[in-house]
Structure formats: C-alpha cells, structure tokens
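So that you can see what the record holds, here are the features copied from Swiss-Prot:
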- ARG167: active site, proton donor (ACT_SITE)
- GLN96, LYS214, ARG295, GLY317, ARG318: FMN binding site (BINDING)
- CYS341, CYS344, CYS348, CYS360: [4Fe-4S] cluster binding site (BINDING)
- ALA391, GLU410, GLN418, LYS428, ALA455: FAD binding site (BINDING)
Amino acid sequence: MRLLEPIKVGKIELKNRVMFPPMTTGYEGRDGTIVEQSFNFYKRLAEGGVSYIVLGDVAPVNTISPTPKLFHDGQIEAFRKLADAVHEFDCKLGIQIFHPEYDVEALAELFRKGDMEGGRAKMRHDMVHFIQEVTEEQLNSILDKIGECVKRAQSAGVDIIEVHGDRLIGSFCSTLINRRTDSYGGSFENRIRFALRVVDKIREVAPDICIDYKLPVVTENPLRGKGGLMINEAVEFAKILERSGVDMIHVGQANHTGNMNDTIPAMGTQPYCFMSKYTKQIKEAVSIPVSSVGRIVTPENAEALIENGVCDIVGLGRSLLADPDYVKKLEAGEGRRIRHCMMCNKGCTDAIQNRKFLSCVLNAENGYEYERTITPSDEKKKVVVIGGGVAGMEAARVASVKGHEVVLFEKETTLGGQLNIASVPPRKSEMNRALRYLTNEMKELHVDLRLGRTADAEMILAENPDNVIVAAGAHNVIPPIEGSKMPHVFDAWKVLNHEELPSGRVVVIGGGLVGAETAELLAEMGCQVSVVEMMEEIAKEESKTVRPVLFESFEKYQVQLLTGTKVTAITANSVEAENAEGKVSLPCDYVVLAVGARPNLFDVQALEDKGVQVSFVGDCNERAADINRAVEEGYLAANVL
C-alpha cells in the first residue's frame with residue numbers, strides 16, 4: 001500500500017504518507033503554551049502511527065487568538081517535551097507559523113488599559129484593513145518575530161516549519177483582498193513578495209530545517225475563499241517556492257470568507273477529495289513532495305490520490321480525530337475496523353467556532369487522551385445491554401474490549417436506532433459510516449445479539465447478569481394539540497423512515513433539527529412545505545457549517561418558515577397558530593409532528609431487587625441526547641465495569 005510507504009522530504013524521511021494537518025484545538029494554555037491536554041492529544045496521534053503532525057496556527061507574537069504560541073524562550077521547553085514525545089513513535093513534528101492579521105501591539109495596549117470596546121473595534125477594523133495599512137517597518141518586525149520563533153522551534157527539536165500561506169501572507173498574495181499600490185501590491189511578483197521574504201527569513205535563521213508551505217487555492221464554481229491565489233498563479237508560485245528552497249507544498253482551500261465550511265466542508269456539501277484537481281496541477285509543476293487535504297475519508301480515497309499522481313502525502317484531519325489508530329489498523333490489516341469520520345463538524349469545527357476544545361462525537365477519548373482509556377477488567381462479568389442504538393452499541397463495544405461477556409437486546413430486527421433515520425435527510429447519508437462501524441464491531445467482538453427481542457426483567461434475569469446498561473432510546477412526542485391524532489397527521493420519525501409519506505401542502509410543526517431536516521426532505525420530494533416553530537430559531541442544533549446550506553435549500557424550494565409561532569389547533573385542512581402579529585392559518589393536506597423526543601421508560605426495579613447494577617445511557621437517560629452524549633455515556637458507563 002503506497003500510503004504506508006516512506007517518503008523523503010528535504011533532509012528528513014517520513015515513515016508513511018499520512019500527516020495530521022494543522023487544526024486549531026483549543027487545548028493550549030491561555031498564553032499559547034503546550035499544556036498536558038495538548039501534549040497528550042498529539043502524543044496519542046503519534047502513537048496511532050501518523051508520520052507527521054503539524055501544530056496549527058502557531059503565533060510568533062502574543063495574540064488573543066486561542067492557538068499555540070512560541071514568542072518567548074520560556075515556551076521552548078514545552079515544545080521540546082512534545083517533540084521528544086512524538087519522536088518516540090518515529091513521528092515528525094511541524095509547527096505552522098501564522099500571523100493573526102491585526103496590529104498585535106496596539107491591540108494588546110488597548111486591552112491592557114481596559115479599553116475592551118476599543119480593542120474589539122480595533123480588531124474588527126484590522127481584520128478588514130490591516131493588509132492595506134501595515135507598514136514596511138511593521139512587516140520587518142513581523143519577519144524578525146518569525147525568525148525568532150523558528151530559532152526557538154529548532155532548538156526545541158521541531159522538524160518542520162510550515163508557512164501558513166493564508167491569513168496575512170495569503171491576503172498579500174490575493175487579487176481579491178490586496179489593494180496596495182506599493183511594492184507589495186498590484187503585480188503577481190509584488191503580491192508574492194512578502195511570502196517569499198518569510199521563506200527567506202526561515203532559511204536564513206535555520207538553514208537545514210525542512211520547510212513546508214501551505215499554499216491556499218481560491219477554488220471556483222462557485223468562488224470559495226479569498227486569501228490565496230487562483231490556480232494559474234498558484235501553479236507558478238509553487239515553482240517559485242521550490243526554487244526558493246521550500247521542501248514540500250501543502251495544497252489547501254483558501255479561506256477568509258468567514259464560513260469554515262469552505263475549508264472544512266461538512267457531510268454532503270462537497271465531493272470527497274474536493275481539492276484533488278487543484279493539487280494535481282501543482283504536483284505536476286514541481287518535483288518536491290506535495291500534500292493534499294479536503295474530505296479525504298477512507299484509505300481507498302487516500303491510496304487513489306497517491307496512485308493517480310494527485311499528491312505524495314495525505315492529510316487526514318477529522319478522520320484522525322475519529323480514530324487516532326487509523327494508520328495502526330491499516331498496518332495490522334484491520335482497515336475494516338477504522339472508525340470513519342461522518343464529516344458532521346459537530347465536535348470539531350463547531351467546537352472551535354464556539355471557543356470550546358476540539359473533539360469528535362464518535363470518539364469519547366478526544367480531549368481526554370490517556371485519561372480515558374479502555375483497559376482489560378480484572379474480573380470478567382456478564383453484561384446485558386438493552387437497546388442497539390448508538391449508546392447501546394458503544395457500551396457493548398467498550399464492555400467487550402474490556403473482556404466482559406456481552407448480550408445486547410434490541411426490539412427491532414436491525415441495529416442503529418435513530419441513526420437509521422438520521423442518515424435519511426439530504427446530505428446526511430454519511431452518517432451511515434458510524435452505523436457500519438458500530439455494527440461491524442459487534443461482529444468483530446462477538447457480542448451476543450438478540451435482535452427482534454423486546455427485553456423485560458424476566459428475560460434479563462434469565463441471563464444472570466452482573467450489570468445491565470439500559471439504552472432504550474426515545475420516541476417522538478405527540479403534543480397535546482387539538483387534532484394531533486387525525487389521520488392526516490404524521491410522525492416525523494416515520495416520515496424519515498419512509499413509513500408515512502405526505503404529499504402536496506405539508507406543515508411541519510417543530511423547527512428543531514428533526515423538523516428542519518424533514519422539511520427539507522419533503523421539499524426536495526416536491527411538497528409545498530411550511531415550518532412552524534415556537535422559538536426564534538430554526539435548526540439551532542445543526543452545525544454552523546451546515547446551517548447556511550440548509551437555509552439555501554429552504555430558499556431554493558421556497559419553504560415557508562414561521563418562528564415565534566405557536567400552533568393552537570390542527571383541522572382537516574389547515575394548521576391554526578398564533579404569533580406576535582396575531583392569528584395565522586396555514587392551509588395543508590398533511591401535517592408532520594417534530595416537536596421533540598421523550599425518553600423511553602424501562603422499569604428496572606425487579607433487577608435492582610435482585611442486586612443487579614443498572615445504569616442508563618443515551619436518550620433514555622433523563623433527557624433525549626444527541627449523538628455526542630450518546631457515545632460518551634455509553635463509553636463511560638461500560639468503561640467503569
């Protein structure tokens with residue numbers, strides 16, 4: 001497998017072709033120092049077999065950005081500790097140097113004086129105007145700071161310096177952003193001038209260090225990203241970078257639009273390997289190694305990119321969050337057991353946008369590396385799991401890995417629970433990867449599956465269990481609205497499961513995630529759809545990277561959205577409601593209920609009377625859960641056994 005072959009980059013060798021590309025994690029200390037959580041995260045990736053890790057957005061100045069920083073000598077030791085740790089696994093460490101594109105000193109002074117409003121106003125101004133206003137003197141100072149940062153990194157044992165070609169540097173390069181009329185603006189040669197000065201500065205202070213350059217491409221049809229170069233100029237710039245001493249080029253999507261879905265597309269919003277046609281053009285223009293990122297999910301995706309001459313090295317970001325042992329499993333011939341990313345963006349991209357730390361909804365160990373681990377139990381137990389949804393299967397998986405005997409009861413004839421309907425709406429089919437992974441793990445771990453069996457206390461006690469984990473799920477709520485039980489009123493879950501199919505004019509009551517997804521599905525099927533929601537937001541729970549796409553779809557299909565509106569009654573041919581403006585009557589042929597879920601009840605008194613230890617996880621645990629909570633609760637409940 002080419003993916004697992006070594007490759008020479010500059011004066012170093014990578015043991016395979018898999019890198020962890022730069023991602024903001026939120027794990028670092030407030031001053032940007034590598035702290036224990038950050039250290040453990042990267043060490044765990046190295047242990048999993050990746051050959052090259054890039055720490056994203058390492059600032060050479062003291063910024064307010066929640067990213068790593070290396071701006072004073074006191075931070076060197078933490079970086080050295082990390083470099084030593086990943087080197088133990090024959091993994092190379094890189095840092096991506098970036099500048100936040102605002103006047104760091106002026107902003108810091110405003111905040112130091114307590115002028116928070118002035119500081120925020122200054123930052124908003126600079127994010128738009130800094131590229132036009134930064135002086136030659138300031139640029140020279142930035143270059144000096146970069147040089148000092150590189151020297152610190154080299155003394156810490158960092159192997160590779162990646163130049164972040166977006167943000168400040170990409171803004172200089174961009175015809176869409178750079179409006180300067182001096183030697184840094186206008187012509188192609190002028191616009192790339194500062195980028196080349198950065199490369200020269202790195203080579204000046206660290207002649208032997210490996211240089212990687214993240215080359216952002218402004219992709220077209222539609223135009224996405226602003227900071228960077230159009231592909232024709234990107235190809236020419238790549239040639240110049242090689243002549244300037246750069247050892248490797250990392251091709252990525254340009255950013256600067258404010259929409260992270262441009263650079264980290266969620267499920268169904270971009271094709272797999274969507275940067276490949278741009279990456280290949282750059283690879284064909286240079287002789288140095290080229291890496292690529294962008295919705296590369298499976299080993300087959302990655303292998304094809306290398307085999308077809310698209311790139312030499314593959315960046316797996318979200319995929320390694322979902323399964324840090326991705327490479328190890330490939331090396332062991334167990335690629336079928338990789339826990340593949342769904343590209344939901346809930347635990348990763350959304351977390352960073354909300355200033356939380358990086359995680360993955362499918363991996364309960366993310367952010368808790370070496371704190372949460374599955375170790376064999378000292379005593380083998382009999383564990384019964386009630387429910388074969390996400391929480392139940394994760395609990396069964398963890399209990400089995402610990403060495404327990406596990407029996408899982410599921411009332412349906414198939415596993416998956418709500419995953420089976422969650423993967424039905426537009427763009428959501430990639431959620432099936434989670435279902436396939438968990439279902440396969442039940443087989444690999446020899447979990448005793450009792451499908452089509454509604455478990456009761458007598459049935460469970462017959463198994464003589466030591467522990468019972470209840471993951472009985474939830475059900476869609478039928479609200480106490482007049483007319484809610486009429487024959488033309490359908491259950492959203494049943495609609496998603498294709499058990500009930502409305503047509504014509506449809507009113508969806510409830511604008512949460514399920515209601516919004518059901519509305520989009522019905523609109524796509526040709527229905528005339530209205531959504532009525534009591535609160536002020538539609539699909540509030542959806543990923544921030546997906547919501548814009550969802551609302552574009554609503555606009556395309558002319559879905560009527562009514563927020564702050566309460567339904568008062570359902571009639572044979574209308575939904576009656578009221579809001580701040582008065583009464584509303586919506587003519588309809590069908591009504592779909594999506595007002596929320598309620599936990600399924602499961603009586604465990606008889607089990608507890610017999611001394612059986614019982615725990616509840618997932619939707620049935622007091623309140624309906626999302627997939628992140630379902631996985632985490634299933635993991636934690638089983639891991640203490």
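Glycine is no exception: its Cβ is also placed from the backbone N, Cα and C atoms.
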Just to verify a number: CA distance, GLN418 (FAD binding site) to CYS344 ([4Fe-4S] cluster binding site), in angstrom, no decimals. 16
Just give me the nearest neighbour of LYS428 (FAD binding site) among the binding-site residues GLN96, LYS214, ARG295, ARG318, CYS348, Cα to Cα. ARG295
From the Cα of GLU410 (FAD binding site) across to the Cα of GLY317 (FMN binding site), what is the distance in angstrom? 34
Using an 8 Å cut-off from the Cβ centroid of CYS341, CYS344, CYS348, CYS360, can you name the remaining same-chain residues around the [4Fe-4S] cluster site, in sequence order? ARG318, LEU321, ALA322, MET342, MET343, ASN345, LYS346, GLY347, VAL361, LEU362
In the chain carrying ALA391 (FAD binding site), residues 6 or more apart in sequence that have Cβ under 8 angstroms from it: ALA471, VAL617, GLY618, ASP619, ALA625, ALA630, VAL631, GLU633, GLY634
Quick one, of the recorded positions ARG167, CYS341, CYS344, CYS348, GLN418, which Cβ has the fewest other Cβ within 10 Å? ARG167
Among the binding-site residues listed as CYS341, CYS348, ALA455, within 10 angstroms of ARG318 (FMN binding site) by C-alpha we get CYS341, CYS348
Across all the protein chains here, work out how many other Cβ atoms are within 10 Å of the Cβ of ALA455 (FAD binding site). 22
Cα-Cα separation of GLU410 (FAD binding site) and CYS341 ([4Fe-4S] cluster binding site), in Å? 25
May I ask which residues of the same chain, at least 6 positions away in sequence, place their Cβ under 8 angstroms from the Cβ of LYS214 (FMN binding site)? PRO22, GLN96, GLU162, VAL163, HIS164, GLY165, ASP166, HIS250, GLY252
Take the C-alpha atoms of CYS348 ([4Fe-4S] cluster binding site) and ALA455 (FAD binding site) and report the distance between them in angstrom, rounded. 36
Nearest-integer angstrom distance between the alpha carbons (Cα) of CYS341 ([4Fe-4S] cluster binding site) and ARG295 (FMN binding site): 10
Would you mind pulling the longest C-alpha to C-alpha span across GLN96, LYS214, ARG295, GLY317, ARG318, which the record has binding FMN, in angstrom? 20
